[in-house]
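**Student:** Before I ask anything, here is the structure I am working with.
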Amino acid sequence: MLLIGVAGTELTAQERDWLQHDAVAGVVLFKRNFASRQQVTDLSAAIRAAAPRPQLICVDQEGGRVQRFREGYSDLPPLQDIGALYATDPQQALALAERHAWLMASEVRASGLDLSFAPVVDLGRGNRAIGNRAFSEDPQVVAAFTAAYVRGMHSVGMAATLKHFPGHGTVLEDTHVDTAIDPRALDELRAQDLVPFQAGIAAGADAVMMAHVIYPQIAPEPAGYSPRWIQDILRGELGFRGVVFSDDIGMAASHSAGGVPARVHAHLDAGCDVVLVCHPELVDEALHAVQGRSLNTAALLGLIGRGALGWDGLLADARHGDTQTRLLETLGRTV
């Protein structure tokens, strides 16, 4: 299955045709798709109306610098700001993370989307792409926050996606623009980077997004192209039974597999359930690539959002304003 990107704030005729394709599981929205709260709500409805089957509509609404929808939405702080509170008051910090998750997820669901790809459970160890998106450099601290964040998302009826497996935080390179190689052995990764993923799986996380990082001591290809990582370690060793997403095949580090068809097939052959094709100019080629493949069409049904309030109901809910106030009082910033 594919999650695709669309070009603008309204669907084009070509994009409506794409949504008819059996392999299209849904759409990932970005800043380019956002003009206002009402517009993105209308776009979500248009996507569903254009497709003959349920569509999974997604966004990256983590907070901090990775927040695609801003005007009309809470200005969510980065996870690192919450993580910094853990040293002085762990219980308050974890409660705040759960509230952050509730606020983020409730606003995304009120806009007609199903999920935000969250939480980031990479360790905060200097990676250019991760930075303050991570809670902490300490695996046990990140593990505790991961469980809290999953609970907060689930309380709104949003599925939780752990990313980026098996851990993107220790390499320096940004896989959007560079190849990234992590030379560590599997035992070290088990003791460090895998710890938050184990906690998230135990907390009932619904999906995992793979990293485009290469771990040559474990497998020669990026993790998202690796049956060793997906089938043997994630599913076999860690017991994960949910949905496995690739990261975007438009990222530079994904090009090692070859052209667009080769990238799509490499992800699916390795065990990914869903391949992200976020750049609209790659969608036609990706759709041609999956013709004739057996696709796991049932995998995504459990990720469809449940129980949205709608914006009127959400703004009338005392928890919305109270959560904004708690974040403001605790972190000293307007949300």
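Glycine residues also receive a Cβ, built from the backbone N, Cα and C atoms like all the rest.
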**Student:** With R68, R133, K163, H164 listed by Swiss-Prot as binding substrate, identify the candidate in D60, D75 belonging to that site.
**Tutor:** D60
**Student:** In three-state terms from DSSP, label H164 (substrate binding site) for me.
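**Tutor:** SS state of H164 (substrate binding site) = strand.
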**Student:** Look up D247 (active site, nucleophile) in the DSSP assignment and reduce it to helix, strand or coil.
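**Tutor:** The three-state answer is strand.
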**Student:** If you measure from the Cα of H164 (substrate binding site), which of the recorded positions D174, H176, D247 is the nearest?
**Tutor:** D247
**Student:** Taking just the CA atoms, what is the gap between K163 (substrate binding site) and D247 (active site, nucleophile) in Å?
**Tutor:** 9
**Student:** Would you please pick out, from the recorded positions R68, R133, H164, H176, the one with the fewest other Cβ atoms within 10 Å of its Cβ?
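**Tutor:** Relative to the other recorded positions in R68, R133, H164, H176, H176 has the fewest Cβ atoms within 10 Å.
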